[in-house]
Amino acid sequence: MTTILKHLPINQRVGIAFSGGLDTSAALLWMQKKGAIPYAYTANLGQPDEEDYEAIPRKAMEYGAEKARLIDCRKQLVAEGIAAIQCGAFHNTTAGVTYFNTTPLGRAVTGTMLVAAMKEDDVNIWGDGSTYKGNDIERFYRYGLLTNAELKIYKPWLDTDFIDELGGRHEMSEFMIQSGFDYKMSTEKAYSTDSNMLGATHEAKDLEFLNSSVKIVNPIMGVKFWDENVVVKAEEVTVRFERGYPVALNGVVFDDSVELMMEANRIGGRHGLGMSDQIENRIIEAKSRGIYEAPGMALLHIAYERLLTGIHNEDTIEQYHANGRVLGRLLYQGRWFDPQALMLRDSIQRWVASEITGEVTLELRRGNDYSILNTVSDNLTYKPERLTMEKGDSVFSPDDRIGQLTMRNLDITDTREKLFNYVETGLLTSSAATGLPQVDNNNLSSGRGLQDKRQ
C-alpha cells in the first residue's frame, strides 16, 4: 500500500507545514480551492529571520485553513543540538571547519513534533515544501512515518496538477492576487536561506557556482567578518559545562536552555564564529554546496572539546570522534532516532559527556579566529607536574623509562625485519641515504604505485 499520494485527496484533512512564505501560502489556498480540507502547522524554531510567529497561523486561516496551530519546538531543538555537541555528531568538515548539522537537527524536531500535533487533530495526511532533489524530502518522510505509522504523504510539489497551474513563483504570486490577496513576492536573493535557532543554511542559485564565495552572503546570525570595514572587537568569553551540559556564559547561569543558546548565538555572532563553506554529499550521493552559520553551536563545541581533550584518555577521544562521525552521518540522513543512532548517542553521553565539567575561557576575534585562554576542571587528567621539563619530583624515574624503552626492542626488531622483507618483494627500495627501505617516490609521482610493483 503506497504512502505517497500523487494527487490531492478531496474532502480529506491535509496537514501542511506552513511557513507563511509564498510557496506554502499558495499551496494551502490552492488545496482549499480544489476541495481538500487544509490544516496548517507552523514550527517555532527560533528562526533568526522571523519577526512575528503569531502572525503566521493567522495568515493560514485567511488563506483557507480549517485550523492553524503554532507549535513551539525551541526547547526540543536546543536539547537535540546539545546532544549533537555532546556526541560530536558532525561529519562534514573542510580543513577543520565544521558544519554543525543544524538543518538536519531542525528537520528531526519539526518532522516529529508537527506530525504528532497533526495526529492530535486526526490529520493523517502531511505535506511540506521539500523538493524531490534534496535531503529534506527523505528526512521528513522518515520522521513522519516513525511518528505516525498511518501517515500518508501528499506534496503539492510532486503533484502534476499543482505544477501545471502554479509551477513558478510568478504564477503563485498571480494566483494569490487573483484570489483577492495583495501578495507581493519578496525581492529575490542570489541564494536561498533556511534557518532555525541553531544555525542558518544558505544555498542554491548563485551559490551553486563555486566561484561565488561567502562574500555574496548577508549573514543573519553573524557579521561579515571578511569585510575590513566591519568593526569586530576581540572579546573574552567563559563557557561552563556541568556533566556535559552548558550551564553558564560569562558567569551568568541559565536555567532556560533556549535562553542560553540565544545568548551563545549573540556572543558568537558578533564575530562571525561558526561560518563554514562546505561541499557535501546529499543522501542521494550527489554533491551540493552550502554556506552555514552556527555561532552558538560553534562556541559551545569549542569549549566542550577543549574540556574533552583534557579529561579523557586517547582511546576514549578516538572513539568519540569515530562514533561521532558515524552519528553525524546518520543525523544527516534523517536517522537521528533510529536504533543505531540511539545506541551511539547513549554510549557517548553516558561515558564521555557525563565527565565534561569545567570552564573554558576564549578570546574571540574575527570569524573562526580564536584563542583558548584558560581551561579549568576538577576532572582534568592533564597534570603538568607529571611531565614537567623542570628539575623536581617526578612520577617515574630515568631507570623506569630505560626499562620501558628496552621493552620496545622486540617490536623494533620485528619491524626492521619486515621492512627488509618488503625490499625483497619489490614493495620498497633500499636507501643508502637513510639506511632504511623506502617507498619509491619517483615511481609514485610518475603514476606507478605499489600495485604496479606487485605485478
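Counting starts with 1 at the first residue shown.
From the backbone N, Cα and C atoms, a Cβ is placed for every residue, glycine too.
Lifted from Swiss-Prot, the feature list:
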type     : residues                                                                 : note
BINDING  : A17, F18, S19, G20, G21, L22, D23, T24, S25, A43, G129, T131, D136, D194 : ATP binding site
BINDING  : Y99, N135, R139, S192, T201, E203, E280                                  : L-citrulline binding site
BINDING  : T131, N135, D136                                                         : L-aspartate binding site
COMPBIAS : 434-448                                                                  : compositional bias 'Polar residues'
REGION   : 434-455                                                                  : region 'Disordered'
Nearest recorded site to S25 (ATP binding site) by CA-CA distance, among binding-site residues T131, N135, E280: T131
Between S19 (ATP binding site) and E280 (L-citrulline binding site): CA-CA distance (Å): 26
Other same-chain residues whose Cβ falls within 8 Å of the Cβ centroid of T131, N135, D136, the recorded L-aspartate site, in sequence order: S130, Y132, K133, G134, I137, E138, R139
Cβ neighbour count within 10 Å of D23 (ATP binding site): 15
Max pairwise CA distance, angstrom, over record-listed L-citrulline binders Y99, N135, R139, S192, T201, E203, E280: 19
Largest CA-to-CA spread of ATP binders A17, F18, S19, G20, G21, L22, D23, T24, S25, A43, G129, T131, D136, D194, angstrom: 19
Cα separation, A17 (ATP binding site) to R139 (L-citrulline binding site) (Å, whole number): 14
Assigned element (helix, strand, coil) containing D136 (ATP binding site), judged by DSSP: helix
In three-state DSSP terms, the structure that S192 (L-citrulline binding site) belongs to: strand
Other CB atoms within 10 A, centred on E280 (L-citrulline binding site): 16
Which of G21, G129, all binding-site residues, has a Cβ with the fewest other Cβ atoms inside 10 Å: G21
Where S25 (ATP binding site) falls in three-state DSSP terms: helix
Cα-nearest neighbour of G21 (ATP binding site) within the listed binding-site residues, Y99, S192, E203: S192
For E203 (L-citrulline binding site), the number of other Cβ atoms found within 10 Å of its own Cβ: 18
Inter-residue C-alpha distance, A17 (ATP binding site) and T131 (L-aspartate binding site) (nearest angstrom): 14
